[in-house]
Amino acid sequence: MELEVRRVRQAFLSGRSRPLRFRLQQLEALRRMVQEREKDILAAIAADLCKSEFNVYSQEVITVLGEIDFMLENLPEWVTAKPVKKNVLTMLDEAYIQPQPLGVVLIIGAWNYPFVLTIQPLIGAIAAGNAVIIKPSELSENTAKMLAKLLPQYLDQDLYIVINGGVEETTELLKQRFDHIFYTGNTAVGKIVMEAAAKHLTPVTLELGGKSPCYIDKDCDLDIVCRRITWGKYMNCGQTCIAPDYILCEASLQNQIVWKIKETVKEFYGENIKESPDYERIINLRHFKRILSLLEGQKIAFGGETDEATRYIAPTVLTDVDPKTKVMQEEIFGPILPIVPVKNVDEAINFINEREKPLALYVFSHNHKLIKRMIDETSSGGVTGNDVIMHFMLNSFPFGGVGSSGMGAYHGKHSFDTFSHQRPCLLKSLKREGANKLRYPPNSQSKVDWGKFFLLKRFNKEKLGLLLLTFLGIVAAVLVKAEYY
């Protein structure tokens, strides 16, 4: 691992990844890979998660293509130096911020959306001019092998490499020094990544998860609400980091919500859900058994059918869920939807705030003041009102968590910023030295007054006239001296 990282760092130090033209070429090559090898990509993801080609394309491929196009369109503007506002002391100088690549980036991908959650941060890292080591999740084995095969055929083989393996390989990778680590996964591993990064003072972006609440107000159209929740919850068999994890609603709404979700599930997946090409499977047997354990002691309103041989768990809704039970203590990451009755919106807000900050918050109501109130009085990585998941689709938004749901953000310009150092640059002249006398010893009260005037905009009114006359005299002297030389 050490040799691989050293090789990538040497490639970065060559400066090859920095020019705008090179970055654009690599992004175009990545787009070409997605377009030319679409069938290989679809097949690999389908094999890992039993996804239909339509779901793979709509949930992963199209997002990657959109992100690349967005970068290609905007990158020439983003890489340019940006002038900044100057103060009196620097008014004759050149002051700007220059985005600069961080260096060698490690991207540790996720298994639930193994293509988009690995390639999307890669797009940002390339756009920012970095070298990258990509570590796909070993749980999505077919996608990991596909990335290791295809990426070297299209991208610079020295600057961008794929390393496959399990816990042992990842642990060894984390011992190496990187300039940024980008991790997508669960909170427990996120802490391990952050601890390893701290040994080298390496900054991290942690895209984690959590229990994303969904509050349903009594003042809304339940038919529409339940269709949108059903789509977001059971997409990818519930294995989505921003899927609605549980519902908060008044007890009087519970039976209606159950019935409407049940009818929507039939509409989406048919009478025999197990045979639907649009309904995926749990990634492996370990996660299958973990999810089943969450059903113990729960009141199943509908669903609950399972098949261990195919890792099938039917869309399931639980009612009257006790907040102290296991299903409410950890992120579900599966097709189980608990309903927790609350008395009103006040209790819902308190319920959310008493727990770890979620990756997403969903609020359904015709009353936009209520939605705004929940936004103002809670904290989460992102919010969507009257829908679910959709804030992920807007690449002008930063996507990321807060607290235990993560740190840092990406997508669009936010990806470029995450993988860039905003370097402040001040260029002064070696002339006009007379204007610098105020900052050189010996010090005096008049110099303190000048400092207040220039830097703090605080001054003694009685001395204002004298200060202004002195300032004008210095400026005149500087100009005369500059003209003389």
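Every residue, even glycine, has its Cβ placed from backbone N, Cα and C.
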Range among 53-56, 197-200, 481-484 that Swiss-Prot annotates as motif 'Prevents secretion from ER': 481-484
Candidates Glu207, Cys241, Ser293 (recorded positions) with Cα within 10 Å of Asn186 (NAD(+) binding site): Glu207, Cys241
Distance from Glu207 (active site) back to Gly190 (NAD(+) binding site), taken between C-alpha atoms, in Å: 8
Sparsest Cβ surroundings (other CB atoms within 10 Å) among the recorded positions Ala188, Val189, Cys241: Ala188
Three-state secondary structure, Asn186 (NAD(+) binding site) (per DSSP): coil
Cα-to-Cα gap, Thr187 (NAD(+) binding site) vs Glu207 (active site), nearest whole Å: 9
Other CB atoms within 10 A, centred on Thr187 (NAD(+) binding site): 18
